[in-house]
Amino acid sequence: MTSYTDKGEKPERGKFLNFHHIKFWVGNAKQAAVFYCDKFGFEPLAYKGLETGSREVVSHAVRQDKIIFVFESALNPGNEEMGEHMIKHGDGVKDVAFLVEDCDFLVKKAKERGAAVLKEPWVEQDAGGKVKYAIVQTYGDTTHTFVEYLGPYKGLFLPGYKEPLFRDPLLPKLPSGHLSFIDHIVGNQPDDEMVPVSDWYQKCLLFHRFWSIDDKQIHTEYSALRSIVVTNYEETIKMPINEPAMGKKKSQIQEYIDYNGGPGVQHIALNTSNIIQAIVNLRARGLEFLSAPDNYYESLREKLKTAKIKVKEDLKTLQELKILVDFDDKGYLLQIFTKPVQDRPTLFLEVIQRNNHFGFGAGNFKSLFEAIEKDQDARGNLTVLTAQNQSVSKAFQ
């Protein structure tokens, strides 16, 4: 495991401030929004569809504290772009949007450094105000939208969105999800694409390496991974980039690549200040999580006896809830992962609480992999790895 202190070149102008929202392309946006509201504790935020004058695409935006997810579906049978995307990838993340300052300059610089700009800056407005956007290509079919507010925006979400058509009376009766903001978003790559992708973020967006780990440190009996975390200059946006490493059997990273039809967003980590209450509530709402064996906690108790930090939370409760713990000399983190949130074994979510710890759970990767491998085996996908021809994503050639 390596942490980096060199932030690299400081952007002369413009800023990436934070994650603005995550856009999902799904088969049925209405039902997807209901699922995330029901299981994760989101609430309807805004709507765009036939009733608001959007004739091609319907959008349901949901929010929990500072987290905004947008679910989009095609309204018409002739939408080839969204139709082909659904056939190839299934439901999943299409776009990770960043709130920025000086969108024009950031796009100009990204373009000069080789980024594929899919849509040059444009402005939309309504009674709430003006917003500037631009779209750049990242790994696979995933994109980044830059969002810049041109003055205070007083609307519900973004121009064109209106009040949700319906608010489920059941939602206020359910326990809070206790989820606060997006901690990090992980992208899975085919073998040998991790470095080109992380280099792209450093070159085109002036991100820098924050953390990395290799397959000598992260492996099970069967499989392994490598990971590089890139972040913006202010370190408010963290994007781990994973790739599979050769092992005896197919890794869960390779399983994702196979079922997603290439690279894409593997998981979204949501930060909480009270993971115990969050997981008690989310389990009560019917959310499914990966499990950890009891011997994980037996080993953890032994390691904590000589640790320089003290975990404040009750270990018995953490064990009952199957929450994982990782720590160093300065602090610790608590984390747990959902099972895939669609039929394809692709996207899942993470709930994380940080206590003066800025890593990504390297000490838990082995336990996480073994838990996923158990489910992977049940799916018939923990198979002997065979060499495959894999092409580099267009954005990085």
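Note that Cβ sites are derived from N, Cα and C of the backbone, with glycine treated the same way.
Annotated domain 'VOC 1' per Swiss-Prot: 18-149, in sequence order, evidence recorded as sequence analysis. Counting residues of the domain 'VOC 1' (18-149) by DSSP class, helix then strand then coil, yields 35 helix, 66 strand, 31 coil.
Among the features that Swiss-Prot reports, domain 'VOC 2' is placed at 181-339, with the record citing sequence analysis.
Following the DSSP three-state reduction, the secondary structure of H267 (Fe cation binding site) is strand. Listed in sequence order, I185, V186, F337, L347, F348, L349, E350 are the same-chain residues six or more apart from H267 (Fe cation binding site) with CB atoms under 8 A from its CB. Per Swiss-Prot, the feature Fe cation binding site maps to H184, H267, E350; the stated evidence is similarity to another entry.
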Protein Cβ atoms within 10 Å of H184 (Fe cation binding site), excluding its own:
20
Fe cation site shell beyond H184, H267, E350, criterion: Cβ within 8 Å of Cβ centroid:
D183, I185, V186, P240, Q266, I268, A269, L270, F337, L349, I352
